[in-house]
Amino acid sequence: MGPPSSSGFYVSRAVALLLAALAAALLLALAVLAALYGRCARVQPSDLHHSGVPDAASSPRGTQEEPLPTWPPRPTREPAGTATPGHWRPPGPWDQLRLPPWLVPLHYELELWPRLRPNEFQSPTLSFTGRVNITVRCAAATARLLLHSLFLDCESAEVRGPLSSGPRDGALGRVPVDDVWFAFDMQYMVLELGATLQPGSRYELQLSFSGLVYRDLREGLFFSIYTDQGERRALLASQMEPTFARSVFPCFDEPALKATFNITIIHHPSYGALSNMPKLGQSEKRDVNGSVWTVTTFSTTPHMPTYLVALAICDYDHVSRTERGQEIRIWARKDAIANGNAAFALNITGPIFSFLEDLFNISYPLPKTDIIALPTFDNSAMENWGLLIFDESLLLMQPNDQVTDKKAVISFILSHEIGHQWFGNLVTMNWWNDIWLKEGFASYFEFGVINYFNPKFRRNEVFFSNILHHVLSEDHALVSRAVSLKVENFTETSEINELFDLFTYNKGASLARMLSSFLNENVFISALKSYLKTFSYSNAEQDDLWRHFQMVVDNQSKILLPAPVKSIMDRWTHQSGFPVITLNVSTGAMKQEPFYLGKVQNQTLLTHNDTWIVPILWIKNGITQSLVWLDKSSEIFPEMQVSDSDHDWVILNLNMTGYYRVNYDKVGWKKLKQQLEKDPKAIPVIHRLQMIDDAFSLSKNNYVEIETALDLTKYLAEEDEIIVWYAVLVNLVTKDLVFDVNNYDMYPLLKKYLLKRLISIWNMYSTVIRENVAALQDDYLALVALEKLFETACWLGLEDCLQLSRELFKNWTNHPENEIPYPIKSVVLCYGVAFGSDEEWDFLLNMYSNKTKEEERIQLTYAMSCSKDPWILHRYLEYAVTAAPFTFNETNIMEVVAESEVGRYIVKDFLINNWQAVSERYGTQSLVNLMYIIGRTISTDLQITELQQFFGNMLEEHQKLTVRAKLQTIKNKNLENKKRNARMTAWLRKNT
């Protein structure tokens, strides 16, 4: 042993060796981390040679191999499997939502082989294999290819080319594929090449793949089980929109990347196959077990985006007809076809096609149209070119559908999907941020189509009930989104799915309608013809549409606009919300301001550009006036001043074609109230609707006093239009009011006030129900509004309503073939249970067990919650938790029961001992929803604390953090409702 050092520190040999080993290990670890840095999660193709991921530079691969990491598990349909936060990869184009512009797809040769066999569909999944050859044109030199792929296993990948320019497109060579890996979070397949693709050259990507088909998932490929002719059967279908094609085959899954498709489907011989185009031929092939399969090939499609690729494999029958040389077939269950359920849809489909062909002066380009009715289809309907897919409840007429709105619903949806053959299929938006260009216009033309075939159809009133009322109730600045969004605002694929909402469809349709109203229909259609012709088989952006409108406007002199079409319409599509237009009839002063919930006063919350260029169509004393424009925050229009005469009044927003609310000064509202009481018919129905809807919405949000809205209801004894009554009742007798009304003296006053006015319209329709209910089948507005009228009359205790409910319910329970009239069935079932015993409740339970349609089962689910017997409701909750006989996918029974006055206390008591079972059955989010429902009556901080303590053990930590804020919001809303209800009660005392 040597002497110690006089300075520093001493390290023994053993420690030195240990430190050296640790240092070496650290260096090795750093080297491995450096090598692995940037690696994305990969799925190893079975027959591909793999080596490490190169740097991000777009250059050919070297020959040096690197050690491979452990392969991660293959993706599943579980959300957690699609993200790769734990896997490293270098930054690159796979981090972007949009594909890089390196390749342009020209043509797909697609073969799909789902292993669907008769009587072999007990599993929740089945497998499929496929091959796709994609001809692409190289637009930028690259040694790396990106295309979309999700939940697919790549079996092989080759790149051939460049292709010769001859007629046979022969390959001049092959480009080595060194590696294939997947960026799961952005849903990309990445091919690393051994050579660089050259700009201007064409190549063919040859990919083999496999995946799973899920039962009832309704995304990509899915299969469904149904009953037909007494037997359980299966079918397979597709839903590619918006981004599910990539889960069926690797592809360039963006709407602007259109291509032609040759599709081949391999299927069991007992099934038939459908796709976008007519069948070209059939052959046979054997699988490895020697089983024979049918190979069906289809003709080449026009240029179209991947989201329109469609297929179905089924054992269905069909009915057909020919319209202008085009074959139209409707496919459905054999029972449904034999019973004639598809006849109505078949009879109107051809004429709708012909009408739109003539309107746009562009022929439908496909030789056939197949429409298939699936037993269930969550998307309602899909417009795939040549193969439209529907939920059968929205396409097929049942014998008991005569006194329903089913004919109108089928007509609306068929018109919408057929409208897409031009808006969306022929001309496609460049990207999903402008999805309203297809959905908004398809929704708008629903009404034009139906109005053409039924001139008595009340287009304005129906547009209000179906479109405008709903979207104006939900749209407001600060919270709602704009119709057209910036592409750069999107970062995740899931955000695309969120665009299929009220603003895309309803607001888009409303803006199209407003545009048509201030241009006139001829100019509107001329511009659309030009737009559709120019961009046929191509893509367009919103600015392209405005450009064609401007061209048509510039070529005429009758219509003068205060600004270019783009300047006018961009305000409406790029800004969220809508304006409130206020007119002072004494001075003619008009102003606009954004509509905010609760009329936000904090100006710092407002956007810098919070005005619109507003078209004002208006009437004075019943006479239509010239269009004026409000293109600034305020302006004076002397022509809108009114005199002191009782006969002088003004209404803005003719036919409710403008997308805004209208307010008046006190004199203006008083003039309209006086006119309603003197001669309501002098004001058109659509404007009686408008005044009621605007006044109540404005009062709810503090723009006018509630008394102003209530004053407009005094005349209602003279109102015989049920759609106006509908507007009154949905605004006045709200769910919150019904839920809380027993806490106030309002109910007896409201009962007396409304029944005095409602009795006339009630007598009219109750007589029809008793004596000639079939007369309602062509009265769409009555079918829409009757349920609310009936529900309110019974809630107010109108004895004739209660008696009619008892009669209809008893007649049905004694003879189930005597159907309760559909428009009021939910109300009759509810009151039948409410005034019945366990015998009536058990009857509904038995009916529920024998029903197969989800719509009918949900209706019965709600009705059974109407019982007023605590023990029955408690038993109902036990059934709900044990799931027998209730299926998991249906309505959350706990929440339904909690909605009733009796039920909310039963649910609260039930949760004390059963919250774990409720959480397992419905999820912890349901507990949050239940807390909000039960909390509808809270009005103090102490009640909030008590409710939080009650639910404290049931909620997850992250939910507890947000719950108190939500309960505080509910409390504030309840306090506002109390103030509002107190003022309503005071007004009713004076006017009853």
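Just so you know, the numbers here start at 1 and follow the chain as drawn.
Quick reminder: no glycine exception, Cβ is built from N, Cα and C everywhere.
Per Swiss-Prot, the residue annotated N-linked glycosylation site among Asn361, Asn489 is Asn361. Per Swiss-Prot, the substrate site holds Ser380, Ala381, Met382, Glu383, Asn384; the candidate it also names there, chosen from Glu241, Glu254, Glu521, is Glu241. Across the residues annotated as binding substrate (Glu241, Ser380, Ala381, Met382, Glu383, Asn384), the two Cα atoms farthest apart lie 13 Å from each other. Of all the Cβ atoms in the protein chains shown, 14 others lie within 10 Å of the Cβ of Asn811 (N-linked glycosylation site).
The recorded positions in question are Asn133, Ser380, Asn384, Asn555, Asn655, and the one with the fewest Cβ neighbours inside 10 Å is Asn555. Within 8 Å of the centroid defined by the CB atoms of His416, His420, Glu439, the record's Zn(2+) site, lie the Cβ atoms of Glu383, Glu417, Gly419, Phe423, Gly424, Lys438, Phe441, Ala442, Ser443, Tyr505, excluding the listed residues themselves. Counting other C-beta atoms within 10 Å of each candidate's C-beta, the recorded positions Glu241, Asn289, Met382, Tyr505 are led by Glu241. The Cβ of His416 (Zn(2+) binding site) has 23 other Cβ atoms within 10 Å, all protein chains considered. Of Asn133, Asn347, His416, Asn555, Asn811, all annotated as recorded positions, the residue with the shortest Cα distance to Ala381 (substrate binding site) is His416.
Per-residue confidence over the topological domain 'Extracellular' (35-992) averages out at a pLDDT of 89.
When the recorded positions Asn289, Asn361, Asn384, Tyr505 are compared by Cα distance to Glu439 (Zn(2+) binding site), the shortest distance belongs to Tyr505.
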